[in-house]
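One structure is given here, and the rest of the page talks about it.
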């Protein structure tokens, strides 16, 4: 890629998300989503590989369909209410908007594009799609949460948690496992959104930290398959251990950061007399925990049977920048004691 192109693409990504964050008019919000979608396409297709081309095409078609549905629902809403304000949504346009934003995010049952797209791009672009590209649609859902149908959000959220766990059970491709993880986490967010928007925002922040830490670890190890994980211990033993604990954090095990949002969401659902829902999603989360444990076992508790005759890899100095990886891994492991402060913010 031309060195002048990359800053333009990254600036466009920033501009699209910021435009959606700050808009109070549906057309401006839609425009921000479109800029965001178009800006990521050059990053996805830059490898000039057939798989990357396929992933880019799937991503573009899905996002274009969702954008068309958003535009249609906002036009219908403006026709019925005479308003283009974000918070002025009638019932039918609100339901259509929910479906469109779920499609953009990759929430089940509109999730089929996400594993295939992540599998076709490199780890850096996969990180952007799994984190930054979720922010604009989530900000819209946060702003219009009062108009959304809580029953629809609950059903789609529970479906996402269940399907996200099932999809990752038999996977050997790490990017598809991270896509399944993303789908399951989005389900937790959708369930808590109509009840506590504050917890929804906290869940987004924790999700971004955990997913970034895992993608950056995979990028450092340069692995995309389970077979390659057994060499991680010989490269960097300390990072192999910390990454396996980050995976347990993604699964929501205490005393890691990932336990915090699940604990608070289950507590809030119980307070709202939704104990059955809380029990079902807690049991469904065990599916995700299974493949996180499998991932963690392959990463830290298995070693390659091949003997290395050269200098031990961990004694060689790496040229990769590790500041962001270190910061995200530390946050993924040690934020649980700050729960009272984060909740009161």
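Every residue gets a Cβ built from N, Cα and C, even glycine.
Quick look at what TrEMBL lists:
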- 23-287: domain 'NADH:quinone oxidoreductase/Mrp antiporter transmembrane' (DOMAIN)
- 289-342: domain 'NADH dehydrogenase subunit 2 C-terminal' (DOMAIN)
- 151-169: transmembrane segment (TRANSMEM)
- 190-216: transmembrane segment (TRANSMEM)
- 236-253: transmembrane segment (TRANSMEM)
- 274-293: transmembrane segment (TRANSMEM)
- 323-343: transmembrane segment (TRANSMEM)
Outside the transmembrane segment (236-253), six or more residues from its ends: residues with CB under 8 Å to it: 181, 210-211, 213-214, 217, 220-221, 259, 261-263, 285, 288-289, 292-293, 295-297, 299-301, 313-314, 318, 325, 329, 332-333
Long-range neighbours of the transmembrane segment (274-293), counting only residues six or more past its ends (CB under 8 A): 154, 157-158, 161-162, 164-166, 168-169, 171, 177, 180-181, 184, 187-188, 191, 195, 247-248, 250-253, 262, 265-266
Intrachain residues whose Cβ lies under 8 Å of the transmembrane segment (323-343), provided they are six or more past its termini: 198, 202, 206, 209-210, 212-213, 216-217, 220, 239, 242-243, 245-246, 249, 254-260, 264
